[in-house]
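First comes the structure, then the notes that go with it.
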């Protein structure tokens, strides 16, 4: 008699996805981040659900309700600290996951890649509206500055901003709708993640060599299920350490002050995981230009598969493309640093150079490197 997990309508789907799934035998720890992102999503949804039970989406009560959660709710401080720092870990995992895709050429699975870019945009949107909810100074001014950017769009801009605000400034209506979006989006992310996995399992995973691995596949369980479990342990241990020992390390002290429309903070900046995009936005001395640069700093990922010029898929055997990849990583770190600095010399020019280099690497240097490597291979 056949095993129930292979015949039951529901269990056979799970079996095909996480038990008997044929997996390349040589995928490294860089392939752990997909499952870690799933863990982050579950952690964030559960902690967020319990926080939402005690949170009040009203400008007179929001800040107090967060304080109430931390002081009076059983383990409320822990829920809040895990949720706030879990967002940082979510972005660490998502950036490493994308970096893995760029390095090993996983982007050539176009459907999976494009849904991944959509997931990135959804997660960024969720994090942005979530940051507004505690209604501290940086929450309020961050919401004001970022939503105001939409006014740069010709003709419809001002109407669009007022429509999003639900009035003539960031007010109660804005907070209420941001809470609605923050609650709704994770479930949309879950659905999109299912699509991401569906398309991935159509082709199977890529591997570090970038070569076809049909000749050497192993079952996902027990080999990679246990490998993922090790990743889970490391992630949860690190997240727990941060949430328990130094929960405010990555936050902004300004957010411990209740929102005040009459007092502008000296430096308005988003959470650290948005600083690279914020630096690109600020490096262009034109409002619409800055908004478009901000948008394209993420959407440029969509054109990466089209700009793949190399005969080889992965960077494993391509030294010059490897060098450019690590220059891109260093450039991202520089942009992140610049995004947190005041708008003054020499930070302005460093930000502008780094922003130009960011786009040049994607659009020119990396495709050129692939083409040159092909030429060298032809001569060999």
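Count begins at 1; order follows the chain as displayed.
Note that Cβ sites are derived from N, Cα and C of the backbone, with glycine treated the same way.
Among the ranges 11-32, 55-76, 77-98, the stretch that Swiss-Prot annotates as transmembrane segment is 77-98. Ranges compared are 226-246, 247-267, and Swiss-Prot records transmembrane segment for 226-246. Distances between the Cα of residue 201 (ubiquinone binding site) and those of the binding-site residues 83, 97, 182 are shortest for 97. The list of residues near the transmembrane segment (77-98) in space but at least 6 beyond its ends in sequence, with Cβ under 8 angstroms from a Cβ of it, reads 30, 33-34, 36-37, 40-41, 43-44, 47-48, 50-51, 66, 69-71, 116, 120, 123, 127, 130, 235, 238-240, 242-244, 247, 250-251, 271-273, 301. Taking the C-alpha positions, the distance from residue 83 (heme b b562 binding site) to residue 196 (heme b b566 binding site) comes to 24 Å.
Between the transmembrane segment (178-198) and the stretches 33-53, 226-246, 288-308, 320-340, 347-367, it is 33-53 that has the most C-beta pairs under 8 angstroms. Highest Cβ contact count with the transmembrane segment (226-246) among the listed stretches 33-53, 113-133, 288-308, 347-367 falls to 33-53 (criterion: pairs under 8 Å). For residue 83 (heme b b562 binding site), the Cβ neighbour count at a 10 Å cut-off comes to 21, with all displayed protein chains included.
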